[in-house]
Amino acid sequence: MDESSLLRRRGLQKELSLPRRGRGCRSGNRKSLVVGTPSPTLSRPLSPLSVPTAGSSPLDSPRNFSAASALNFPFARRADGRRWSLASLPSSGYGTNTPSSTLSSSSSSRERLHQLPFQPTPDELHFLSKHFRSSENVLDEEGGRSPRLRPRSRSLSPGRATGTFDNEIVMMNHVYRERFPKATAQMEGRLQEFLTAYAPGARLALADGVLGFIHHQIVELARDCLAKSGENLVTSRYFLEMQEKLERLLQDAHERSDSEEVSFIVQLVRKLLIIISRPARLLECLEFDPEEFYHLLEAAEGHAREGQGIKTDLPQYIIGQLGLAKDPLEEMVPLSHLEEEQPPAPESPESRALVGQSRRKPCESDFETIKLISNGAYGAVYLVRHRDTRQRFAIKKINKQNLILRNQIQQVFVERDILTFAENPFVVSMFCSFETRRHLCMVMEYVEGGDCATLLKNMGPLPVDMARLYFAETVLALEYLHNYGIVHRDLKPDNLLITSLGHIKLTDFGLSKIGLMSMATNLYEGHIEKDAREFIDKQVCGTPEYIAPEVIFRQGYGKPVDWWAMGVVLYEFLVGCVPFFGDTPEELFGQVVSDEIMWPEGDEALPADAQDLITRLLRQSPLDRLGTGGTHEVKQHPFFLALDWAGLLRHKAEFVPQLEAEDDTSYFDTRSERYRHLGSEDDETNDEESSTEIPQFSSCSHRFSKVYSSSEFLAVQPTPTFAERSFSEDREEGWERSEVDYGRRLSADIRLRSWTSSGSSCQSSSSQPERGPSPSLLNTISLDTMPKFAFSSEDEGVGPGPAGPKRPVFILGEPDPPPAATPVMPKPSSLSADTAALSHARLRSNSIGARHSTPRPLDAGRGRRLGGPRDPAPEKSRASSSGGSGGGSGGRVPKSASVSALSLIITADDGSGGPLMSPLSPRSLSSNPSSRDSSPSRDPSPVCGSLRPPIVIHSSGKKYGFSLRAIRVYMGDSDVYTVHHVVWSVEDGSPAQEAGLRAGDLITHINGESVLGLVHMDVVELLLKSGNKISLRTTALENTSIKVGPARKNVAKGRMARRSKRSRRRETQDRRKSLFKKISKQTSVLHTSRSFSSGLHHSLSSSESLPGSPTHSLSPSPTTPCRSPAPDVPADTTASPPSASPSSSSPASPAAAGHTRPSSLHGLAAKLGPPRPKTGRRKSTSSIPPSPLACPPISAPPPRSPSPLPGHPPAPARSPRLRRGQSADKLGTGERLDGEAGRRTRGPEAELVVMRRLHLSERRDSFKKQEAVQEVSFDEPQEEATGLPTSVPQIAVEGEEAVPVALGPTGRD
């Protein structure tokens, strides 16, 4: 090699080597790789070259450099010479115009390519090839290793490094802003104009809820991009994820909405993509990493050569694989042509009619109101039924004037958008919305089981497993919402609804905020603090006990406020009361921001993992709070160690609501005493104050469109689906048809509930077609027209009876009576052994799981008058908590095998007909399988078999001549039982014997009202009201599925399945009359000295004589009855029956008084004082309840009563957790008048916790939403004030010994 070549080579080595420590960066003249004139612009800045490491590999990149020197930019000085142009490179950044292809992708824009010679010699090419490809270091002329640290490009693209450092992002943005200042300023200016023009508050809201939510997200993405650009945090990876989010939102808009407003969303997405397109391309070029590219290129080359056998034209193949050979116009033209010029597909008249009807906006006339579910500050929630599909919904009516005067129109649109967009099994779904003259209405799915607040009110603290399940399902709902940027802001037990299967659904998004959806590129340093202060409000919003400290301080808040509320909710689940309370908002907020949490001790102490979870959720600082970093922090807590998060819906819940009928709303508290909203639309309204946004509120979600169109389609299609028609429809239409015409005249204007028939097995499941069911569910829906009375025959039951036909038998009118088999009426002394042992035997059902239908008894002469007026007695008739043939609108809604026990056996010759009750009522359209069950273990109606014609007994005024007795019927092998009544004896020659009453028969109806499951006093009350004529329906025990088993060894563990005693009112009845009825019935207390010409002597118990007792009044209770399973009580306890109303003043319901909810502004209420009289207030035009924060504090709060803990008897429980989970029913039956002997000594701390749990009055709702009304709860000392006897009611034939009634766990059982 000649001397000149050697000198040139050494000089090249010097130029390529990096400076040593302490030496400044050398920057020479930059020469262009593009042939052309010198550029007058600034030279491109170089990479920061800091912290050189001796002996490093040439393949290393300066990734891990010091943070202190991160911003030291050794820019090249301005110098003469040529520059290479970025515009000459493809967007991938690997193409150059150098003569040597070996250098084409070796260096990126970050390399010192300006120091390379323009025309290298072969020796130089050999050296450069070795230099860039070899892993060996090259000795420079000074003996050092060269290079020590190669100035590679720092790529921020995914997959290159394990993490991305903020200083790298900031450094890259400095380079980007320095090099392309106009691109950055142009993007930020356009983003600001975009936000100004398209923000939700700057234009009318979209009419479609899904599109409204997507609009919110697009605007939030643009706002986040503008903020990150100002903070120098944008990267090519961020733009890539932003593009993916926009495409995902656009896909949701096309799939989930049929509105014409989709074009607006498409236009919005295109504008935003155009705004960010140029910065995204520039950053992609700047962040190009040749090392990563070479690895990918080698892998692709090996795959191409080995796998596909490509030998020639490899560069062209790579270009094709990278998509660089495609013409973008070829893909854009067909799309535009498809959108603009594609002719509409031909449609048939039927399809056009379906589309027109499905797209028709819903209105109030499409629904018929069944009853009130609950009241709130802004409006009320009603149970309604769609007139065409016959499906049940819950409709939320919000007063428009309240919203306008409070300037919260935008907030109700946010609630509508969230409910419409959300698709999660743990979030309530909305189907449509519309406006009336006075209200904004949102139609949502009906969740039957009430809310967790009512459950806590009736049950007290929940068992740990039950609380864990509820909490975990709420965590999944919260995870879904937070991923879409939704902050609920009002999490509390009141907003956690319980489905018929015992699972949780989150509802009430009236205070929610929509923020930015989760993005992976937001995981940078400082993002947690920014997200924790995403929103700032000028006033405190939420429910006081659940408001986080940062909201109280008005420091800004975000998703961590929901985790604070979750900690309060879990504490309330396990302890029974909230951890913070006070008489005034100031006192309450003072405890929230300063007080420590008080924990129960002793037997009631919480598990260590649960206490740790609550403590970490209730951290004062939102940055330290569990869940702030993501939902995975909560899900990985040891409290959920053994929990299967993926199978929560398959988990069997401990509490499964027992519904009596499809319109049963007894699990909800109507709160009629606190709020009153007029349901009429005829009241005067101020139309001048109407908002221009309100007409946009009417919308129809894709769920409702699919259901409506499917009902229209299935109504005209022949289908073998087994269906029946509701009695309310019969009552409305009022037409008559013959049996022949009824099977032929099937028209599309009749929409019926769906059934799936397989022999006599009737199953149904979730009616949402887009959600996949579990293996045990049938995802079918049919709304075809079928006869009004349909029952399945017995072909798989356990009980006796001939096997019926496999096809359903439709019975219209009164069929022939069953074959006469007149039994011999035994004398009282000659009862069978089985009947005589009923009081001490355990009766159980072994037919759990069989699917049978419930007959509805028809009176004689009503056979063909299907649509005529109904009798008063069946109007009040109800199905029992364990089943039975119910009147009214049908039998009870079935429960799982663990809850319901008795199976109804319908023989082929049964002479009565009735509607079938489906496990999934198609009138209750659920968005997912968690709302209703369709497992084969669901019993449609579990009591008796064939019912005889009613036995009418006429008395001469002396007596009826028979006695009855209450028996326990246990449900399967469980400890849950229901009370049934049998005819114990019939006197010879008495009116009862002459009418055909037989001893040993099971009484199912008295005067047309079902008595299955009623306590004994209720049955006695029905008899005493009958006068000289009584109508009984009975059935033989051998015709039922009740089996006689061995006597129970421990009757104290029995749990009675209660049912509320209430009568049904007509839909057109004025609700105001119920109050006067209730007062009139309370004054007519039954007297113990009169027999009402029945000869049945009756002793009243304390709870029956109380005016507030539900056993006294037949009117429905305004509050939710206690429906939870009863706890364990001693066997020798003589007690009055528990009150079915938690708000009753009966001392038999300590849970009602003890486990009360915190009141709105007064944390502790007086327990013994009378309720405060409500002062009259002038009716305002807007009917707006005042904000609790605006109310002045009470000068003299009511005194706190001593702890009622000594009043609780020592009840044996299997564990401390179960002891806390005792319900009001069992606590009532276990109450003693001499409860002083059963007191337990406790420390002052434990008594304080118990006092806080037992003395909190009814809970409050949101500060903005609800007014403060104090409600007084009652305590045990009233028991002594009543002065009423607590003896067990007895019924006996005149002149004979009274027979004790099995009302509870007594010694006679």
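Every residue gets a Cβ built from N, Cα and C, even glycine.
For the residues S146, S1115, S1141, Swiss-Prot attaches the annotation phosphoserine to S146, which does not rule out the feature elsewhere. As annotated in Swiss-Prot, phosphoserine applies, among S774, S941, S1109, to S774. The phosphoserine entry in Swiss-Prot, when matched to the candidates S85, S705, S832, corresponds to S85. According to Swiss-Prot, of the residues S236, S782, S1010, S782 is the one noted as phosphoserine. From S66, S229, S433, S500, the position flagged in Swiss-Prot as phosphoserine is S66. When S32, S754, S776, S830 are compared with the annotations in Swiss-Prot, the one labelled phosphoserine turns out to be S754.
All protein chains included, V381 (ATP binding site) registers 23 other Cβ atoms within 10 Å of its own Cβ.
When the neighbouring Cβ atoms lying within 10 Å are counted for each of the binding-site residues (I373, A377), the highest count belongs to A377.
Looking only at the binding-site residues N375, G379, the densest Cβ neighbourhood within 10 Å occurs at G379. In this entry, ATP is bound by I373, S374, N375, G376, A377, Y378, G379, A380, V381, K396, whose most widely separated C-alpha atoms sit 14 angstrom apart. In this model, the domain 'Protein kinase' (367-640) carries an average pLDDT of 88.
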